[in-house]
Amino acid sequence: MILGNLSGVSEFRLLGFSEISHLRPLLFVVLLSLYILTLMANTVIASIINSDNTLHTPMYFFLTQLSCLDICYLSVIIPTILENLMVGTVSISKTRCAMQMFSFLFFGVAECFLLAAMSLDRYFAVCCPLHYTIIMNSRLCRSLVAGTYICGTAVGLVHTLITFSSPLCGSAINHFFCEIQPFLDLLCGSTFPSEIQVIVVAVFAILSPFLLIIYSYIRIISTVLQMASAERQQKAFSTCSSHLLVVTLFYGTAGSLYLRPKYSYCASVDKFLSLSYSVVTPLLNPIIYSLRNKEVKGALRKKWRKINSAW
């Protein structure tokens, strides 16, 4: 509903799942269970990697960072969703809404660039195996991770400041947290400049690292196909399969949300995509890496035997 210029608005209303209010108790139980399971899975992966010296390699260093990002990313969104499912429409202050949008962008963009850094790691491991340990030293790994956080901070700050400095003509957000697309509906006048801003940010934050990932895997595939031994080819592909699955999940949902114009926006569909993007993907990441990785499974079995022997 148009209310006139509300640039001085102090709080917003998150409508959440108002269209399926009868399913709120079930959704609450499901999402709370998924949240706890995701926290446990990512915490176990990070602790296993940190405690096992055989996993102190660049690949697992990045995987630890991915688990930490997923935990933080999920913790920004899930509490608000659960509150919405408990009480219905949630009132959220402008400051909290801005912080939520910034945090969502920060962790999301950081994960985009972290996945690109992980693809670089796989590229050097497959294409430059003799120089891998020299190239992917601890200094470069830390620099790449720092770069992901810098990019996340820059995108989050710029986008949040521009969005919240625009004049508003509404206070009801048809979503379960302060997401970008539904927030555009609150802006006064033409939203075209803001839509362009969203697309530009998405191109930088989603397409740029994605193109780097594509380039890395083109080189990887080219190198693997030139290997004489089928066993070596299979081993090389197996080291990349987990990362490829995670990239497909993450970019598939992120691209469908942000790399499209506002006229194709549908609230119910986008809420479902947001849930997949922000809740399901962080849960599947550790499962994919643990089920498809012999070293991680070996470390998990070793830890389990230690726990059993202690009892």
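Using N, Cα and C of the backbone, Cβ positions are placed for all residues, glycine too.
For 26-48, 60-82, 102-120, 140-162, 196-218, 239-260, 272-291, the entry in TrEMBL reads transmembrane segment. Look at TrEMBL and you will find 41-289 tagged as domain 'G-protein coupled receptors family 1 profile'.
At the 8 Å Cβ cutoff, the transmembrane segment (272-291) and the transmembrane segment (140-162) share fewer than 3 close pairs (sequence separation 6 or more) and do not count as touching. Most Cβ pairs under 8 Å with the transmembrane segment (26-48) belong to 60-82, among the candidate stretches 60-82, 102-120, 140-162, 196-218. With a cut-off of 8 Å on Cβ pairs spaced 6 or more residues apart, the transmembrane segment (196-218) and the transmembrane segment (60-82) reach fewer than 3 such pairs and are scored as not touching.
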